[in-house]
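**Q** I am attaching a structure below and will ask some questions about it afterwards.
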Amino acid sequence: MAIVAVGTEIVQCARIAQMIQQHGEQFLERVFTAAEIDHCAQRPDATGHFSRRWAAKQAVFKALRCHRRGISWTDIEIATHPSDGPSIELHGMAAELAEEAEIDAIHLSLGGCRTQAIAYVVLCD
């Protein structure tokens with residue numbers, strides 16, 4: 001298994017909080033899947049969770065080098081598994097692009113603090 005590409009993103013949590021406050025459900029439903037919204041909304045620090053998922057999606061866009069061409073935000077889903085933590089599931093155009101690039105594995109690391117969220121993504125063949 002070789003590393004094909006990496007992507008990273010840092011986002012100010014206040015920026016995501018502002019987007020949620022200004023655009024509400026419209027923003028959430030455009031960017032996050034129903035499962036992501038449900039997961040994040042149940043957490044005491046919902047903004048931090050939404051911010052980390054935003055950062056992860058941006059990191060995937062960068063790693064795929066696709067600049068969002070034809071890929072919707074919800075084509076990239078950050079799934080949460082109780083025993084394994086977060087992982088990336090690709091759908092639609094994102095899945096097609098990864099298949100064309102022969103990506104067999106995607107590794108994700110999320111982190112952050114009260115003010116910032118960070119994500120690091122590694123694509124492997």
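Numbers run from 1 along the shown chain.
Each residue, glycine too, has its Cβ placed from N, Cα and C.
Keep in mind the model is a prediction, meaning the values are calculated, not measured.
OK, TrEMBL features for this one:
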type: DOMAIN; residues: 5-103; note: domain '4'-phosphopantetheinyl transferase'
type: BINDING; residues: Glu9, Gln58; note: Mg(2+) binding site
**Q** I'd like the Cβ neighbour count for Glu9 (Mg(2+) binding site), meaning other Cβ atoms within 10 Å of its Cβ, all protein chains included.
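**A** The answer is 20.
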**Q** Per DSSP, what is the residue tally for the domain '4'-phosphopantetheinyl transferase' (5-103) in helix, strand and coil?
**A** 58 helix, 20 strand, 21 coil
**Q** Mean pLDDT for the domain '4'-phosphopantetheinyl transferase' (5-103), as a whole number?
**A** 95
